[in-house]
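Below is one structure, written out as structure tokens; the observations come after it.
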């Protein structure tokens, strides 16, 4: 469910804001004020559509005879060369000043984050295989809880009362889903039974993946603030490419070491919907994740990484509804209540971030005014 290397933001310092502004392309000129909003709307569509489609296609892959968890994980980042396509349509992005990527420290950062991303993608895949779409999506919302924890520990952010409120409600929601037996998972097709231990592993993997991705976000922001020193388009794009490359190699290595690659031919031949649909589903997963990533990178650059994170979580409460419509999953009273708790926790988290951002901007403007008065 990951959107790959999105940073949990902190408001930049005045001098960093100047750097970011000068790095923006001509579309932000006064004569083209409508274009940023058009691009923002387009990137939101990319992110939400890509993320939702990728999760649903992954579930389709497993429901119809797909078994390779490492292959499904690999598809989450293997399409990263497609990220270069937006540069063909917006060449002004490619004229940005390059980052100082010759620093060996930068490559160490990319490698470390890429390895974490690859392992995290695998854990998400282990979770989505045995769990229903509705259960999986509700558990993924626990990422907000871990976001709050790691942002305090790593990024030194204060924990607001509304964030605590969101932690409580989302934790209760995840607990309800964990202890409540899911008829969608126990009454599966006889060819693919889901045992109790598989459900437990799926639950632990999904929550663990949510924690791992929250850690990835905080470490990415820490890298931007302390090591890379800026989050311009070129730096964000470069980090996305390198981390996706490393993540793909990690999953490819896992595919061979686990010997799952030996069963791929048999898996394709036995796929319920046929060989062609098997290949199309895997290509669709890779394409959907890269469409999502284009939206992620675009929103980080056009607005902020906070906004990108918030949008990436918007689909979580609504994917269960799609699961009910497409996969005939049962949405009982417990799941509905858990979804409402998740929505309330999600709204509390967003509003707290809005208040923090507003307070930070007010403080920043006061500091600027104070410095002007001193001059």
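Each residue's number is its place along the chain shown, starting with 1.
The backbone N, Cα and C atoms fix where each Cβ goes, glycine too.
Record features (TrEMBL):
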COMPBIAS  17-26  compositional bias 'Low complexity'
REGION    1-26  region 'Disordered'
TRANSMEM  37-58  transmembrane segment
TRANSMEM  70-92  transmembrane segment
TRANSMEM  104-124  transmembrane segment
TRANSMEM  136-154  transmembrane segment
TRANSMEM  160-179  transmembrane segment
TRANSMEM  200-219  transmembrane segment
TRANSMEM  239-264  transmembrane segment
TRANSMEM  276-300  transmembrane segment
TRANSMEM  306-327  transmembrane segment
TRANSMEM  334-351  transmembrane segment
Top partner of the transmembrane segment (136-154) among 160-179, 200-219, 334-351 - counted as Cβ pairs under 8 Å: 200-219
Cβ-Cβ under 8 Å with the transmembrane segment (239-264): same-chain residues at least 6 beyond its ends: 4-5, 67-71, 73-74, 76-78, 80, 83, 107, 109-111, 113-115, 117-119, 121-122, 220, 223, 228, 293, 296-297
